[in-house]
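A.B. asks: Sharing a structure here in structure tokens format.
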């Protein structure tokens, strides 16, 4: 993907390949591009955070959507914003390049924000306000829903198209790993600082001034980001599209299907390695025996290779390396699948936390209360604190006790344990919140919003939506008024899911480690 190309352009020594020679008397790339890209990151992040952090509150207040339904819509939108980067990477790698994907995506998100502003300025584009003193609220019409969903689709597509391509194009302006590392530090500082500003300042404006002003600031941020990015266009070093890794993997599958009747050869000379002469080189390995059926994709048959050693039909013959890349992906799929259920409870927690915040005492003083949409600020803070504790306390202590640093698989396992603990804390906190609301017969209760701080949030939103919908169908734990439900039971259910998923992860990690050791021993023999 495009995000992989930033790191893939460096060599083992860290110097990598230099940018192209000067064009029209000017060398492209380098630090001159950084102010333009970083300003773009700041503007686009402000714009995205402004509408995303407060989306659930917006749907409830402006479109009269029931709380759980609003959380479900928000979850789907967040899922789309995490899925679109994959499509953007394919477009950038295979067809358009990062530069075109970024400015087009920024323009798409701007159009979406304009639609959102129209929904809060034009009365006919949203349902009328709820009657004062009445529980009756008019539902949005089909046209109003269509415009709302069109706006959310556009802003999600725009966010997804810029999220990682900006990272890639910025890193590709440098030919040394040291400079790339410095850029990444500056990029992530800008990203988190802008996220903090949007989750506090813009959300506060939306809650206390108006949605028009809040979304207006988002439009200004998006326009600034797009303008600054285009202003630096003459300085950028632009990679030419070289094909997406996804296309390479797809070629292996198609070639294997087309040669399904061919036998699998045990002779390494019968396979294509991508060399000019089409034979196995000194530093190249023969196809492995695992998933042997895929070896057919690299099996040479009549007419597959041209006289100059190149492939005549790319969708009928692949290199051995491409086949082995797909095998590596298949081996890691079980581990990857465990991350879905790891993130699913976090996605549910993220939505429910906002709903819980709306029913708590959010006042820090008589004149100031924390916006429910600003809960993500505590996530940013807890992430920074957690990373510091892991790097400077937990992992060094692990090394002192175990005598060696924890492996990546072990670190992920620790993450599973913390995730389960987070769900348990959420269940206990919700029990306390519900008890406070029930005992005082108040919608807001007397429980402080700060009790919700220990919870964390994450991704895997699509499956989160399915889980919430299932719980609503078979239980009464998630009514429109969560004070009448049992959200704490939902969290305990997530604890159970997390425990089972942790066991599944342990099995997958053991099998992955065993297969790698077995594969290495076979290769050496």
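The backbone N, Cα and C atoms fix where each Cβ goes, and this holds for glycine too.
On a predicted model such as this, the values are computed, not experimentally measured, just so you know.
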A.B. asks: Which is it, of 1-21, 211-231, that TrEMBL names as transmembrane segment?
C.D. replies: 211-231
A.B. asks: From the ranges 72-92, 240-260, grab the one TrEMBL calls transmembrane segment.
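C.D. replies: In TrEMBL, the transmembrane segment feature sits at 72-92.
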A.B. asks: Looking at the stretches 72-92, 99-122, 142-162, 183-205, 211-231, which one shares the most CB pairs under 8 Å with the transmembrane segment (370-390)?
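C.D. replies: Comparing 72-92, 99-122, 142-162, 183-205, 211-231: 183-205 has the most Cβ pairs near the transmembrane segment (370-390).
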A.B. asks: Find the member of 72-92, 99-122, 142-162, 183-205 that has more C-beta pairs under 8 Å to the transmembrane segment (211-231) than any other listed stretch.
C.D. replies: 99-122
